[in-house]
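Now, the feature entries from TrEMBL:
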REGION    26-50  region 'Disordered'
REPEAT    222-263  repeat 'WD'
REPEAT    264-297  repeat 'WD'
REPEAT    311-352  repeat 'WD'
REPEAT    435-467  repeat 'WD'
Amino acid sequence: MYFRAWSTLIGDMGYALSRLEIDPDYSDSESSPVGDDNDGQQSSSQHELDHEVAQLTKLSSAPHDRLRRVLPRREEFNVSPVKMLAGREGNYSGRGRFSSADRCHILNKYLPVKGPSIVDQLTTRAYVSQFSSDGSLFVAAFQGSHIKVYNAEMGWKLQKNIVAESLRWTVTDTSLSPDKRFLIYATMSPIVNIVNIGSSATESHANVTEIHEALEFSADDERGYAFGIFSVKFSNDGKELVAGTSDDSIYVYDIEANRPSLRIQAHTSDVNSVCFADESSNLIYSGSDDNLCKVWDRRSFGSKGKPVGILTGHLEGITHIDSRNDGRYLISNGKDQTIKLWDIRKMSSNAPRTPGFRNYEWDYRWMDYPLRARNVKHPSDQSVATYKGHSVLRTLIRCYFSPVYSTGQRYIYTGSHDSCVYVYDVVSGARVARLMHHKSTVRDCSWHPYYPMLVSSSFDGDIAKWEFPGNAENPIPVNNSRPQRLYFD
């Protein structure tokens, strides 16, 4: 509904504006970072990114060359929506329509910074936020064993209220099947449970009102072997699961055979995050508390059991990774308070030995990051770019690329221990938005795949929805006032 409504709005604007006289001096100015700008650094990199990924990002979110010259004046990158629509009506591009890059250029002016409105509010910590691939469903998972599935196309109606089974500490991760019929959830145990969210019943209490089938990741000869699952994902065909665990391993689970098909001793510490590199599901990325990102090729798992490459650069453990879904680029959130952008073509076959660059004791679970470590760089850093400003403390905070359809993956966004959501420009490194509402750590957030909407989940129990500023209005600053409300421990 949101996608169709927004597309219709953009289309209708073209006809409405086709007869307008356009002021030749009118142009949207570059928007300054949204949020409270009196709290520190506005740019996370000293120079604009000079790498192939920067060019790919610009191409996917820049207007057509001829649309930049709608009027006889100098060429400009930041072409206003009015000029873009007038150029389309005049068929300046020769296509008679907007390209995907033209569309992203317009929609990038309407970032989800207004609000927020509260989707739901519980008295327990919210750990997971996740839109379905088409944006029709939204999943929120909480420490108090609750997982809620909302229908985002039906006024955020609660579609499924799941009470989890085998809960240890919290729900650590969830994943929706590609057909949106099933949801899996993981906790700090070797069991992943699968729920049919397409059933008619709203309430789904594990093995009381509905069956939550348990998928045992321990091998038959290892029953009773205890470990936790931090990260779990469906493969793109929905037939397998990949998981990162507290026993330093990556597991692949065959759903049809109902058993683990592979275990790789992948790292020397907890594997906090795993994801597929692209739609083929052959390449897998992993991030660990051993400070390393690794790249795995499933086609060589059996013969080698070793990664095809290692990416070094973080000074501390990695809390989350996200793929650009092109089999080449990924980002990682680190406990060294940085997000790093990687090109897997720069990976090495072995982790370089770099003794002595850390000379302090620190634990992110209860300590602030040492001031003397904030400007330290890994001597063998292989990353393409580094983004700073947010806070990665107390929990495994997640980061993502913004959607392809509406932004051309122009941005990186992340939760933060300082109760905010941060949005960075991939190319310039600038912080373009800082969304403030929550009163505690924002562990996860999710950007709608088509509509300018972002939903954040926090340890204060709030599920907050941020949207674009209004119906085709110019972007406006976010309302930074915090509503008076009860604080949940």
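Every residue gets a Cβ built from N, Cα and C, even glycine.
Note that TrEMBL annotation is computational and uncurated.
Beyond its flanks by at least six residues, the repeat 'WD' (435-467) meets 2-3, 5-6, 34-36, 107, 110-131, 133-135, 138, 140, 142, 152, 156, 393-398, 400, 402-406, 413-417, 419-423, 478, 480, 482-483, 487-488 of its own chain at Cβ-Cβ distances under 8 Å.
Confidence over the repeat 'WD' (311-352), given as mean pLDDT on the 0 to 100 scale, stands at 96. In the repeat 'WD' (435-467), the DSSP tally of helix, strand and coil residues is 0 helix, 20 strand, 13 coil.
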